[in-house]
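Asks: Quick paste of what Swiss-Prot says about this protein:
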type	residues	note
BINDING	Asp132, Asp161, Leu162	S-adenosyl-L-methionine binding site
Amino acid sequence: MPRTADDSWDIATSVGATAVMVALARAAETASETPLIRDQFAEPLVSTPELAAVREQVAAWWAQTDDDDDPDFTVDSQQMTDYLAVRTHFFDSYFIDAVAAGIRQVVILAAGLDSRAYRLDWPGGTMVYEIDLPKVLDYKEHTLARHGAAPVAALRAVPVDLRHDWPQALRDAGFQTSLPTAWLAEGLLPFLPAAAQHALFTAIDANSATGSRVAVEMFGVDEDARRAAEERAQRWARQRAKRQARGQDTSFDPFDLWFDDEGQPDPADWFAAHGWTTDSVQVGAEALRLGRTATSQEGPFVNRFVTAGKP
């Protein structure tokens with residue numbers, strides 16, 4: 001279903017279902033022989049009866065079959081599990097470094113089924129704010145409570161749409177603009193239109209004290225990247241049509257939910273232009289550093305992880 005400017009969802013629909021996909025990958029990685037990450041909460045979060053249909057839809061999207069005539073392009077479960085394991089490991093390390101430097105205020109934007117408040121070794125006095133839609137946050141809180149899980153850090157849910165006045169909602173929840181903050185925008189940007197991305201970065205900057213940090217998963221926004229994305233979209237459309245003709249389920253596809261309007265900011269350039277010290281890591285290089293072969297240089301491994309600090 002096409003996105004609209006003010007659409008909404010729960011954990012089993014639209015953008016919410018993509019959080020299920022991510023948690024499924026974290027669960028698979030955790031259960032593997034040599035996991036990069038350990039997320040013991042991912043499996044219980046995705047194993048509930050109400051997510052049965054989503055699990056089937058994601059499995060169909062991930063399936064790699066001999067009938068696919070463009071195998072180098074096909075998304076498969078191992079590729080996505082590897083990518084999301086590398087991504088999770090990188091941003092886990094980002095938070096570990098941030099609190100080691102003395103930061104005790106954390107904001108996770110579009111938190112979805114993120115369980116870092118429950119599984120990372122947070123120092124005493126750390127406050128974690130999770131922002132997402134109310135139904136998504138409610139599902140996570142109630143599911144983990146049924147399993148007896150308790151957050152390691154102090155945790156405050158901020159139920160608000162990131163296209164609305166989320167900074168005010170964050171401050172109303174107790175966020176202190178005078179304290180340095182570690183911000184995270186993981187897997188978020190494509191689900192926001194360009195104007196909302198600019199507004200997001202502006203709000204982060206305006207609400208960040210000296211010593212704050214931000215980490216962003218960066219998807220291609222330059223002209224070459226946009227052309228490559230358009231080519232991938234055309235290839236996937238052809239592949240998808242053939243799957244549909246064979247009677248396969250193609251109802252789940254995160255790319256259906258992405259905004260592709262022009263003017264999306266490059267986070268590294270944006271924060272550098274606003275006085276932050278920035279760095280970026282190409283995901284394929286990070287995967288190789290961690291011993292994971294980047295299975296496709298055309299897939300998500302071409303993304304970048306951007307980090308920045310406010311002097």
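Positions of Cβ are set from backbone N, Cα and C atoms, glycine also.
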Asks: Return the residue, from the listed binding-site residues Asp132, Asp161, with the maximum count of other C-beta atoms within 10 angstroms of its C-beta.
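Replies: For the binding-site residues Asp132, Asp161, the Cβ with the most other Cβ atoms within 10 Å is Asp132.
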Asks: Compute the mean position of the Cβ atoms of Asp132, Asp161, Leu162, which form the recorded S-adenosyl-L-methionine site, and then list in sequence order the other residues of that chain whose Cβ is within 8 Å of it.
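Replies: Going along the sequence, the neighbours appear as Leu109, Ala110, Ile131, Leu133, Val160, Arg163, His164, Trp166.
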Asks: Give the sequence-ordered list of residues that share a chain with Leu162 (S-adenosyl-L-methionine binding site), lie 6 or more positions from it, and have CB atoms under 8 Å from its CB.
Replies: Leu109, Ala110, Ile131, Leu188, Leu192, Ala196, Leu200
Asks: With H, G and I counted as helix, E and B as strand and the rest as coil, say where DSSP puts Asp132 (S-adenosyl-L-methionine binding site).
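Replies: Reduced to three states, the DSSP call for Asp132 (S-adenosyl-L-methionine binding site) is strand.
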Asks: If the S-adenosyl-L-methionine binders are Asp132, Asp161, Leu162 per the record, what's the largest distance between their Cα atoms, in Å?
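Replies: Looking at Asp132, Asp161, Leu162 as a set, their Cα atoms extend up to 7 Å apart.
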Asks: Need the DSSP three-state call for Leu162 (S-adenosyl-L-methionine binding site) to compare against my parser.
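Replies: Reduced to three states, the DSSP call for Leu162 (S-adenosyl-L-methionine binding site) is coil.
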